[in-house]
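Annotated domain 'Major facilitator superfamily (MFS) profile' per TrEMBL: 1-305, in sequence order. Annotation source TrEMBL lists transmembrane segment at 21-38, 79-102, 122-145, 202-222, 242-261.
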Amino acid sequence: MVGRALTSLFWGVVADRYGRKPVILIGTFSVVVFNTLFGLSTNFWMALSMRFFLGCFNSQLGTIRAYASEVCREEYRALALSVVSTSRGIGLIIGPAIGGFFAQPVEKYPNLFVESSIFGRFPYFLPCLIISVYAVGSLVACKWLPETLHKHAEKANERADLHDISEHSSNDSGQKDNIVELEDKQIHKSNLLKNWPLMSTIIVYCVFSLQEMAYSEMFSFWAVSDKKYGGLSFSSQDVGEVLAISGFGLLLFQLLLYPPVERRLGPLMVTRLSAPQSQRGAANAISITAMSVFKAFGPAGGGAL
């Protein structure tokens, strides 16, 4: 998370300047490399470094959400962002299950894995290897992704042409189109910090991200802690099963409930209704609606940033 915090803005600028696809490819390739090395870590500092580098080179979430909102028509934007969170829900089902069932395979499956093998020396390498192999398949699939950055250039050219026409008309009649003038000022606003609708959306998203990440990180520690310390004494396999069930609920919520509610109430009302909640589904509803509001109030071409 420190690596992501330090480099997310950088990768957003890269995505806005050079395209979404290169950033997605780099991020997916970083999973293949650093996740594999994480499973082969021999000490705490190596494991910490691999996670840090993975965070530095992997800025997939913002880029993919920007890509999803651009690759489809505006009326399907909420559904596209919901699909992104649904895919995360699928990951929350598969990921914890892989970690819970395949960590320490020598102890769990002694008939298949021997102590002298690489999986005996590195007991957490197998789940990392499975995820890295899956990332290789995703990397190959990225070959067929169309680039969406050119759409911003087309919109900018359309605005420029409209502005030129308005200027020419104003020279003839002495009047200027107020709508085009206001839009032009919005486009060329240099300081994002003064864009209050945008900043308020970011603040709300930060608050709910804090809640969501705190839940995600602390639940596993609480579940595996001994009962005498107030924990549940769960095994890693038990934690994987619980998180998989939670992810399945998130998948159903994002796929079936959120899109029709958002279409009927709008992103702002959904955000207000979700604010009092403290569940994972509500937090993900906030993340989708915040992205929708960002697309409405943010600068042109700045989706990934």
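One is the number of the first residue shown, and numbering goes on along the chain from there.
Cβ coordinates come from backbone N, Cα and C, glycine included.
On the 0 to 100 pLDDT scale, the domain 'Major facilitator superfamily (MFS) profile' (1-305) averages 76 in the predicted structure. Taking pairs at least six residues apart, the transmembrane segment (242-261) and the transmembrane segment (122-145) share fewer than three Cβ pairs below 8 Å and do not count as touching. Across the candidate stretches 21-38, 79-102, 202-222, the maximum count of CB pairs under 8 A to the transmembrane segment (122-145) is reached by 21-38. Long-range Cβ contacts of the transmembrane segment (79-102) within its own chain (Cβ-Cβ under 8 Å, at least 6 residues beyond either end) map to 64-65, 68-69, 71-72, 108, 126-127, 130-131, 235-244, 246-248, 250-251, 253-255, 258-259, 262, 284, 287-288, 291-292.
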